[in-house]
Amino acid sequence: MKKIDVKILDPRIGTEFPLPTYATIGSAGLDLRALVDEGFEVQPGETKLISTGLSIYIADPNLAAVILPRSGLGHKNGIVLGNLVGLIDSDYQGPLMVSLWNRSDKPFKIEIGDRIAQLVFVPVVQAEFNIVEEFQQTDRGNGGFGHSGKK
């Protein structure tokens, strides 16, 4: 398992709330919590930026992290990420924040310590552009959205 440096920005982590861990041996994501001063409601159509109480420094340029929504919040309550996916570069060292968007028609209550998103580490390959005049022909060519049909 890869070691990632973490700074605990909220003293409740490690006492009232655990450091994020994998729930099962097959888990890909670490749950991030709302480390706020008090509970609040996210109104329909509203977006809130929420502290997780952590910052990380990945350091390895072959890794990045993504903040993703928790499936239950989106499917059952209409709570998704305001930026859809948060990308954490390997050289970022600031606080991990979660942008939550209530796309439902009902207010949604966030309590202190609620699990609101998940952090997943992913491999990164940096690429350099090679300028060409033409591409080698493929079967797909420039077929884009819906090119392969529905069935």
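Glycine residues also receive a Cβ, built from the backbone N, Cα and C atoms like all the rest.
Taken from Swiss-Prot, the feature substrate binding site applies to Arg70, Ser71, Gly72, Asn83, Leu87, Ile88, Asp89, Met97.
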For this session: Please work out which residue of Leu87, Met97 has the most C-beta neighbours within 10 angstroms of its C-beta, and give that one of the binding-site residues.
Result: Met97
Seminar exercise, completed: Candidates Ser71, Asn83 (binding-site residues); min other-Cβ count within 10 Å returns Ser71
Problem set entry | Secondary-structure category, per DSSP, in which Gly72 (substrate binding site) falls | helix
Problem set entry | Greatest C-beta neighbour count within 10 angstroms, which of the binding-site residues Gly72, Ile88, Asp89 | Ile88
Exercise. For Arg70 (substrate binding site), which residues of its chain lie six or more apart in sequence with Cβ-Cβ distance below 8 Å?
Worked result: Asp31, Arg115, Ile116, Ala117, Gln118
